[in-house]
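Copied from Swiss-Prot, the annotated features are:
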{"type": "BINDING", "residues": "Tyr34, Tyr169, Gln173", "note": "L-tyrosine binding site"}
{"type": "MOTIF", "residues": "39-48", "note": "motif ''HIGH' region'"}
{"type": "MOTIF", "residues": "229-233", "note": "motif ''KMSKS' region'"}
{"type": "BINDING", "residues": "Lys232", "note": "ATP binding site"}
{"type": "DOMAIN", "residues": "352-418", "note": "domain 'S4 RNA-binding'"}
Amino acid sequence: MNIFEELKARGLVFQTTDEQALVKALTEGQVSYYTGYDPTADSLHLGHLVAILTSRRLQLAGHKPYALVGGATGLIGDPSFKDAERSLQTKETVLEWSDKIKGQLSTFLDFENGDNKAELVNNYDWFSQISFIDFLRDVGKYFTVNYMMSKDSVKKRIETGISYTEFAYQIMQGYDFYELNDKHNVTLQIGGSDQWGNMTAGTELLRKKADKTGHVMTVPLITDSTGKKFGKSEGNAVWLDADKTSPYEMYQFWLNVMDDDAVRFLKIFTFLSLDEIAEIETQFNAARHERLAQKILAREVVTLVHGEEAYKQALNITEQLFAGNIKNLSANELKQGLSNVPNYHVQSEDSLNLVDMLVTAGISPSKRQAREDVQNGAIYINGDRVQDLDYQLSNDDKTDDQLTVIRRGKKKYAVLTY
C-alpha cells in the first residue's frame, strides 16, 4: 500500500487536484509539500491536528514538509465559510502567536533529521518585503474578479458583505504557494476542505505565472456521527497547549467519544497500523461497554500531544477520582481533574465551621439542609466522610496548602482554595 492509498484508507483524503498526477509524484520520488497555519490564537487546537498528522505521515513516507506560519495572512483574516468579518489582531499579537505555534509544530514534525527534515517558514518574511504596487502588478494581474467571485467561500459572504481585505486573502495564499515553489520547489499543498478555494488559487498562479503544475490535497473537516463539528468540549475548543486544555481534559475528551466514531478516529488521529486498528475494532465490537477503542484513542493522542508522563498522570487522575481517592492526588492533579466543578476562594472573614462553609461555598442550599447532609453522612472532605456538626476546617484539610475538596453525595463536588 503506497502512502496515498494509506491516507485514503484512513479517511484522510477529501479532494485533490489531478489525483493520478499526484499519486505519480508521491510514488516516484520525494515531494516537498506545505501546510499553512494562521495564528488566529496563541495555540493550535484539535481541529488542526488532522492536517498536522497527515503532514507527519507524508514525512514518515520520505517526503519533505514545510510548515508555514501565516504571520502576514494572520494579519488579514481568512473569510472562508465565516459568517462575519474577523476582528483584526495587532502585528505584535500575531507575531507572538506565530512563535507559540512554531513551538507546537515541532512536537509533531521532525525538524532535525534526514534530507526530508521539516522546515519552518513565515509568510511575513516575504509579504513584508513586497510593495503594494509590485503585488498588484506581479500577482494581482493573474486573478480575474470573476474567478475570485466564483469561490464558494466568497459567494457565501457576498450578501452579508466582505471587505476588500478579506476578499484579497485568496491571492495572498496563492502567492504563498508560488513563493514556496520558487524558493523550495514545493509542489503540493495540504489543508482543510474549507480551504479548497484558497489552495487552488495557488495552483492557478503557478500555472499562469510560472507555467508549472502544483498539486492540492484537502483533508476532511471532521464531524462526529451526529454531524456536530469535531474538536470542541462543552462548546470550547480543545487546545494543544496544556495550559489552555490540560492533558486530563484532553484525555476525557477522547474517552467520551461516541462508539460510532471511535474506530474512525483511531485511523485519523493515531499512528497505529490499519491491521492493529482492525484487531482493536473486533475486540471493541465484542464488548463495546468496556470502551476499549476510546481508551486506546485517549492513550495514543494524549501521549502524542503531551508525552507519556502526561498520559499516565491523566489516567491516574481518572482512576483515583472514580474511586474517590482524593488523598492520592496532588493539588496540581486535583486542579486538572476538578477544573469544571464549582470553586470557592475562602475569605479571611469566613467561618471555618463545616456547616457554615457548606452554605457559604454553595454546596448546600441552607444551614438546615447542611446539617442534615452532615448528619446523614452525605458530606466528604478530601474523600473522608465527616458527620461532626461542629467540625472546623483546618490546615490538615488542605492538599499541598492549596485546596480542599468537599463532596456532597456521590457526584456534587466543590473545591475550596486558599
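Cβ atoms are placed via backbone N, Cα and C, with glycine included.
Overlay of Swiss-Prot feature records on the structure.
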residue	record	Cβ within 10 Å
Tyr34	L-tyrosine binding site	25
Tyr169	L-tyrosine binding site	26
Gln173	L-tyrosine binding site	28
Assigned element (helix, strand, coil) containing Tyr34 (L-tyrosine binding site), judged by DSSP: strand
Site diameter for L-tyrosine, Å, by largest Cα distance between Tyr34, Tyr169, Gln173: 18
Helix, strand or coil at Tyr169 (L-tyrosine binding site) [DSSP, three-state]: helix
